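Asker: Pasting a structure here, questions to come.
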């Protein structure tokens, strides 16, 4: 997940309209870069026919290629900065307004009489808690004894604890508000830094530093010093108040052993007893005794006693208090709240506490699936299931009885006290606001009923901010929706006149984000909202939002109430089916299709939902939204045609592939235009002989591992770091050996799928490098370039709050010379700087790429070689093709004979798999397990001698076998020897078949030799899975295993090699049960490279591998031989994120300067137009798989612009393509 998604998901819902328009600004940058690319292409056209290397992609670091003096680009830049200025103004205005409001509330608290009365009793130094505790306990005991004796000082103590509890509640709310505002400011500051950095990187400007310095950093929201200071003071007071409350409770328990230790509602037992027994006379008598006269009792005490009596449903006590209480308002109340405010808040907290205590975690069956586990898509069935209110919103007996008691109070209330029910507190909230906030539907119903009876209720929209808005512009209806209270929401809506129209259609978006069916259904059933309302920023409807967030319940409710499925959002012209298909939300896609969503449509870039799903690896979803339009499924490339060039449908920057395929100028459906050819350049920067590269991945590339990369305990942070817990934190990664003495800064919390961090270091044989992971305050210790490197000398102990350290040469246990473990995950503790307590953990993976030396390394390719790389060609898979269990003549896969025949039949390259034996010799073999041994043994556990001798075992058996005369065997061997000595054509097939027929067969047509071979392998994992083994005698024309060096000598020099480096990924090793110990990767790659460079002699060579780290090493160790990244493209489930989809494969290949990708044919066949996505990113596109054995499939791909197809049936595909070209 990149910052764009993190930004959207981390916003505070009620403030969603007040954030930076990040996506809109991002789209504007894409428009600028698209125009730059158009100008660049017009000046630099590729000339493939002349055999010259293709033109490089536009380099934004080259000012001459940015065309910033172009009037069109200057106009777009002016529009961009105008939009940035408007966003800066919006964010700054909102932040200042909210901060002023929260600051005013805090200052009001600190200046209140209640706070001043208890301030002198607070702990001065919270760090001396143990020393002060005894003093306070003694003082509390003395005060409590004075209370019990009826002394005059007891009157103050009687309400101290209530004041403390209220102050604690206010502090908690203020802390939440300040923290939300702080996060709001931090998120927007990051967004500005990110978008300006993206502008500089993509467009080639140099605006981030200057704009941040002059326009953003001087503003208050970009500097958190004031709010951090407020939070620090607030935290100090919070700790002292909490300590004081706990002290009172200890005194109560020590002074009155029979008192209820859990009673937090009264200080003195006797008053509580009178209220609980509803003894009004005793209550009045005790109060009179305490204060001499009723008129001397503070209003605050009277309100507190009335509140307790109401909570206890003590009607007699209520009557007695109402007769003597002078007012329901306490002029000295901190928040200017009256009895009704306090009482409704107390009811809400009491019911919420009961719900928490009674809530039990139960695993309930899914409401969305039937008995077979299939998703239900019928709206009526789903509506019946989902429309029942949640248990948390049901009306409890406590609420009913509380509402009855409140009703009784209101009936007995003198007329002159009625306005108290509608009085505003300091937050501009009435009791109705609080009843809605806590979801008290019965109380809300009662208040509205009385307002109507007393002619106070005005028939105006309940969501009208001017009439009902509080200090934060939240109305009672807003509070109901934000609290997800459907019952209370229904009460509010039913109280309105049918003709009254509501003003806040955006409430549907807020309700959608709760994914609460009953809440949404109540809103929509009222018919007062526009169900298709589009927000102002992105024009997203509630249905689109539900589908983007994968909120099934919300989507069902919206569809049931008639939401339009075909409304498009603003940025890319996507409907709901687009975002659901692109994100891979299977259930949502099924639901939309069942409700007739149109998926045979294109977005603004000309792409269909099917193509978006394929690109992101969701092939099962692509099947659901598959379209049959031949203009999409059989596009025609104009790559080498002489027709007029057309704009491509879409060009995607590799850096943006984690988002959407946003760019796009439209274009005609089915016409790919003149595809941008692969424009990769070689001779790229690689490691010098004295350099290594450390590549660090925070977390894991394994998508099965869901644990966070960094886990910090909030409790430990609060305890150890103290006042700084409310400051923004960053992670600084540094290496002691970094050549440029730099560090990398990442703001916390980390975005998902953070790009790998790298350090170039001096080469050390023992890998003795040390990594530091420091937790530091975000502000005051960094340069203006967010997420860029800073001088590691600044990262000193004055700023480091906590640190984790990893010594890389000690991070794993040694498993042998040139051996390593596959699961390279390291977890280090994060230790506090001063206390040395563990604050959390950090998990990462790393690889160290060491340099490779060879005399032939500076070798350069000719222009003819470039031409061969960009011309469509056929590559023989494992030579002539991989073997299959069909009863037909087959030459053994990965054999010399197979490679020679493939070349003679028209293959430009032959593809084969290379692995290393135990004694470090590269051999040609496909499977990780060598089944020919009769046991499941991996290749790296066999020596070369043992591996090659496996063929001799077969020959010896044949020579000893009964029924096989010497002339039979010798005849076959003679024919095979004749075949091996030269290239072959189709006429050799009959000779080979006759030689094969010399072997005796059993009645079933299977040779005795095959029985012997099968019997030996019958217990191996490979044979059990396939009941077959390639290049096995009896199944194919088997030949001897061969080393990589032998291939260079035996295969004609004009035949190119596509060398697949076969190194297992973690999930592959687990599936094949290979164990965790493998060849050390640098040693593996260096060994293969040495053989290749020793024997290349001008041969065309391409490396390829499914393992991303192997590709990285091959790219960084040498600049000569191009590398292709093999990917399933989503056709198979892969654990490594980089191999999980075509999109991630493109990003990976682009980042590490690879020649291109080799994708499984399935995704390309489903969406052939995606070939241009690959090629517009400067990459070669090659495909493989059994689908390529169909000439029609190969033809479709080649017409779409695929550079090469790897096939098993070389002759058939070549003939098919020839016939196609002739037509």
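Every residue gets a Cβ built from N, Cα and C, even glycine.
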Asker: Considering the residues 16, 504, 653, 1104, which is the one that Swiss-Prot annotates as phosphoserine?
Answerer: 653
Asker: Using Swiss-Prot as the reference, determine which range in 43-64, 65-86 is annotated region 'Disordered'.
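Answerer: Region 'Disordered', as annotated by Swiss-Prot, spans 43-64.
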Asker: Going by Swiss-Prot alone, which of 738, 983, 1007 is annotated as phosphoserine?
Answerer: 983
Asker: Ranked by the number of other Cβ atoms within 10 Å of their own Cβ, which of the binding-site residues 911, 913 ranks first?
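Answerer: Output for this query is 911.
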Asker: Going by DSSP assignments with H, G and I as helix and E and B as strand, what are the residue counts for the repeat 'ANK 2' (472-502)?
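Answerer: Going through the repeat 'ANK 2' (472-502) residue by residue, I get 16 helix, 0 strand, 15 coil.
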Asker: Report, as numbers and ranges, every residue of the chain located at least six residues beyond the repeat 'ANK 1' (427-456) whose Cβ falls under 8 Å of a Cβ in that stretch; write 'none' if there are none.
Answerer: 105, 335, 340-341, 344-345, 347-349, 351-352, 393, 395, 399-400, 402-403, 406-407, 410, 418, 421, 469-472, 474, 476-477, 479-480, 483-485, 487-488, 490-492, 495
Asker: Taking 10 A as the limit, how many CB atoms besides its own sit near the CB of residue 926 (divalent metal cation binding site)?
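Answerer: Counting Cβ neighbours of residue 926 (divalent metal cation binding site) within 10 Å gives 18.
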Asker: How do the residues of the repeat 'ANK 3' (504-533) split into helix, strand and coil according to DSSP?
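Answerer: Going through the repeat 'ANK 3' (504-533) residue by residue, I get 15 helix, 0 strand, 15 coil.
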